[in-house]
Amino acid sequence: MPESKYRQQTIRAPRGATLTAKSWLTEAPLRMLMNNLDPDVAENPHELVVYGGIGRAARNWECYDAIVDALTRLEADETLLIQSGKPVGVFKTHDNAPRVLIANSNLVPHWATWEHFNELDAKGLAMYGQMTAGSWIYIGSQGIVQGTYETFVEAGRQHYNGTLAGRWVLTAGLGGMGGAQPLAATLAGACSLTIECQQSRIDFRLRTRYVDEQAATLDDALARIAHYTRAGKAVSVALCANAADILPELVNRGVRPDLVTDQTSAHDPLHGYLPTGWRWEEYQEKALSDPQGTMQAAKRSMAAHVQAMLAFSKMGVPTFDYGNNIRQMAKEMGVENAFDFPGFVPAYIRPLFCRGIGPFRWVALSGDPQDIYKTDAKVKEIVAEDKHLHHWLDMARERIHFQGLPARICWVGLEWRQKLGLAFNEMVRCGEVSAPIVIGRDHLDSGSVASPNRETEAMRDGSDAVSDWPLLNALLNTASGATWVSLHHGGGVGMGFSQHAGMVIVCDGTDEAAARIRRVLHNDPATGVMRHADAGYDLAVECAVEQGLHLPMVAATQRKR
């Protein structure tokens, strides 16, 4: 039977406290795999695409069926191995080993190109896992809302005396990641104009309240933005158009936004960025009939897009790359100064990473939103003094639409992750929530990624491209007993530009789970503090000392013998 990437099937994760697998440690990855393909979550579930161009949850439908069958049958002392979305083996391990180990999209560096990957993909030998698509912990656009919110808030602190009121953000892309931008801007107090070339994506964001309004034309959009900024209102506006047309036009008109960024799927020129003048259907057809020509056309449009961003930057508008590698694509097309504006991590986020603060997330396997609201309250109780975090949780409850199983994103660091995990496990044990909770994170975290054009751009010691760190993170999480661990290549910025690791752990209310949580939710963020301390960041060294880390080559953390 030929392998199929298309099936007209609606998948939703089971809800409630009844198991379909043999334990919660195997039920959890089963439900989260299915949740990734829920039509309320995934961008194109019938083709197994979760987000980010062609980021898939399984290699093909036959592999999906086999994964579901394997997880249903998996014993408490067995581990399932997934190779680029394909279940390749079940092995006897032990009770505290991960139940699933995942490796997606990894290629020997010399061959780590889109061209070679696409050849393998066409032969059914590989799958692009993005970050949380192939690692089964995607929670919809909420997963990046807080990180984007924190970025915008910090930009307001740095450039506009601490407030974005009466300001507006210009950006593009309303896909799985980019769709978070308008809501994040609104929560940060700013208006936003987001350019998106697919009407279906705008419709989805309007329906889920991530976007407030759609403008009919550019003039209409600018009039709305002018009206709302004068009134001091934070309203998000979408425009169906091509960013490679609109941004240069805005430059020509002398329009001056207050912040400029971008979250189109520029990391994947074959599937993720519509060339100017093309229809989406034409783009899809030519991706098959003329892949090289299609990629070149997309990159030419990206070059025009980046040149406009450079022009805004030259005007003095704070302009930053939001991690889609569009600067690299433009540079390959001859825009030699493409990197004259920074990425968002060195510009705004790195101090958080130095303290192990990153995108901690959890999901209620029950499917009951009340379980998330109860955990929100528990977070406020434990992290009692962080009013900024409390404000985020209040806004999230009011504005964020759950996609699939109810979930929450909450940026916390080394000091708090273990404490929160243990508290959630106790809530499960006592019956305060109606079923177990899974805790995971984005691969975009402080110690789990090497990505010189994004998370590890401009490291103090020049170690941007050293990818030992995510490998060590994956190995340590495996040794610590995470429920499933993943190691991917190419997420966010595309083939050849990143390696990254993920972990998920189940809170099932048992003492054994508590022991695993103590190890995993300390060690995982501690690798981020370690990585930044090793690179020479004083803030990370201070955090390492405060949290009692032993880093043999960092003098301040030496243990007295």
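Every residue, even glycine, has its Cβ placed from backbone N, Cα and C.
Taken from Swiss-Prot, the feature NAD(+) binding site covers 52-53, Gln130, 176-178, Glu196, Arg201, 242-243, 263-267, 273-274, Tyr322, Gly492, and the record attributes it to sequence analysis. Counting Cβ atoms from all protein chains shown, Gly176 (NAD(+) binding site) has 28 others lying within 10 Å of its own Cβ.
When secondary structure is read from DSSP and collapsed to three states, Cys410 (active site) falls in the strand class. Here Swiss-Prot flags Cys410 as active site.
Spacing of Ser265 (NAD(+) binding site) relative to Cys410 (active site) is 24 Å (Cα to Cα, whole number). With respect to their backbone Cα atoms, Tyr273 (NAD(+) binding site) and Cys410 (active site) stand 30 Å from each other. Here the recorded positions are Ala243, Cys410, and the one with the most other Cβ atoms within 10 Å of its Cβ is Ala243. Between the C-alpha atoms of Cys410 (active site) and Glu196 (NAD(+) binding site), the distance comes to 27 Å.
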